[in-house]
Amino acid sequence: MGTDDGAKGAAAGGSKASTGGTSDAKAAASDDASLERVEDSAGGKARFVHTLWRATSLAKIYYSGDHKVRARTLLAGMLFMCATTTALMVVFSYVQRDMMTALSNKDKEGFYEAIYKYLGVIAIAAPLFAMYQYVQDLVALEWRLWLTRLLVREYFGNDAYFKLKAEGSMDNPDQRICDDTRNFVNACNAVLLAFVQKILSMGAFFGVLYGISPNLLYFCFAYSLFGTIVTTKFFGARLMGLHYQALRREATMRFGLVRAREHAESIALYRGAKREAANARAALASVAAVMYRRVAWIRNLTLFTNAYDFATFCLPSLIIAPRYFAGEVEFGVVTQAGFAFRTVQSALNIIINNFETLSGLAAETDRLEKLLALLSGLSKQGGGGGGGGGSVVGGGELELSVAGQKIASSSSPGLINRVERVSDDPNELMSLKDVSVRTPITDRLLWRGLTLDLKDGDSVLVVGPSGCGKSSLLRVVAGVWDSGSGDVVAPPRDDALFLPQTPYMPLGSLRAQLLFPAEIGDADATATAAEEVEAIISDASLFTDDDLHAALDVAGLGDLPSRFANEGGLDAVEEWTDVLSAGEQQRVAFARLFLRHPSVAFLDEATSALDERNESRMYASLKKHCSAYVSVGHRSTLLAFHSHVLRFVAATDGGGSWVLERAEEYEKTRFGGGGREKGGGKGDGDGNG
């Protein structure tokens, strides 16, 4: 909506990471100092069993969802190939044993027989391992696509994306949807296959190792237990905490760079490049601080694991050598013992060998779990809003918890009761009854007790000082704000259109700009890119090219297609935010309205970039294309286009009052102050606008 609203205070109270993050070297230094606390306090996070349990709960969403048949089939195929490749490794150990024994005995015939067996194993293993890798990649890809689509649907459903930003309750949701989803899926597959493969390896080689030497098997268990305890106790907590911090700070730095690109013109006009460069360097210093410490701890871990792993090459030989020297076993058995020992030891050391993956999985599980839980809670609270149909996955609702606490899905106290419906009275288009509004984060009361009925033919101008909550009225009607109390009967979503001060120009053609927001259904989980694009432009069938040209003419942009004739006219694809001026973008927004003929229009400083002549032209056309409209604005020229004025009056003690009067009365009293203020829900005798 507008930029002068009381929502600014709420947005400022949000997460620093989501609003630009570290802004100077002092903040970076504070981050450095906090790293020690991260390392010391992360001990509770190094609970690997708990991490795996939470990751499994997230994975169940996919494997029990609407894609479950194919998902489970691919998973079963992947596990079958994992078992088959493990069995081949057992066969390989015996072939290698025979080869070494034949060499030590100078048995030429036995050696070449073992070579032929080895070639046979290769002939089977080469295509099998290739197909195994392909199925792994396919499982990860389809899981990632499904989970990303789910997150996108929840993020854009019921205006959750707006609420997350307004409430400041989640940092970097874009990174969680893109990067964390990919990393989570890959880590889950890697850990699952590692566990299955190690369990199968242990089952296959336990008998081999025990048959060679029971003492060797017992020593293998003790050695693995020692390595696991050292790794988890001394390295686990610190590396997990640092991995989480690295993800967060890198996302913060990227957000700052993207934000600078989006506001490039303002920064250039302010000559603020040096300041932004300093912010970027500070963010980089923050990232570097955590990465240096993480690299140091990885060095320490690598030092231990190298010594630990290298020892496995000689320890089996030390234990089995006396039996070989005594002639109790052949030379091939010594090599097989070493192979079996390292295989079983590797299986028992699954935490050590997959430590980095498990560290990443813990951080990514935590971030995705919180995002899904918040989106699920917002979706359930949102009712029938926005772009999605609630958190329904495969017929069941998302049930997630964060840190053991289930997200509340019932209506919270202190919420505005909003419904969308066509009134029984054909002349009544919108109704507000005793509505009070608070900011989402700071819970500051903006105004109280507003009662307003919008009827056919009405036009209301909303005025007041900056920060009093003018744009909040439109947010409440739109359903993107619900903090407060009272009852709102809003026009149906498809029969109302909101025009913000800065129009959103989506990626795509000029046609796409005019058709925005096109009505799009939920795409199938397996939809291709071409099908997604087709869904986006499906609304084009409702309007002909003549309709689009007519809307542009009314908005004073009739020459726009011809200006881009060489690029395709209506189908020209440009970065429209850069190509069109602010005034032209606002007129494109009016063209969208003229195209759809909504019953009610809500304008938030929608003509602030227009000259008076074009402003007058837009409002003259607006009266012909909709039954009623509500405008937020400061210009005195707007008064001529409205029948009523709703004036908000800020109060020093919070909870501003309001005045509703006819435009003529407001014009007479605006300099003399003769109007009567209304607060606490009382009317002014004039009825309602």
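Note that Cβ sites are derived from N, Cα and C of the backbone, with glycine treated the same way.
In TrEMBL, the region 'Disordered' annotation falls on 1-31 of the listed ranges 1-31, 373-403. A Cβ distance under 8 Å defines the sequence-distant neighbours of the transmembrane segment (74-95), meaning residues of its chain 6+ beyond its ends; these are 63, 114, 117-118, 121, 124-125, 128-129, 131-132, 135-136, 138-139, 142, 189, 193, 196-197, 200-201, 204-205, 208, 336, 339-340, 343. Among residues of the same chain six or more beyond the transmembrane segment (190-210), those with a C-beta under 8 A of the stretch's C-beta atoms are 52, 55, 78-79, 82-83, 85-87, 89-90, 93, 136, 216-217, 220, 336-337, 340-341, 343-344, 346-348, 350, 353-354, 357-358, 361. Regional average pLDDT for the domain 'ABC transporter' (430-687) in the model is 83. Within the chain carrying the transmembrane segment (115-135), a Cβ under 8 angstroms from the stretch's Cβ atoms is held by residues 74, 77-78, 81-82, 84-85, 88, 91-92, 95-96, 98-99, all 6 or more beyond its ends.
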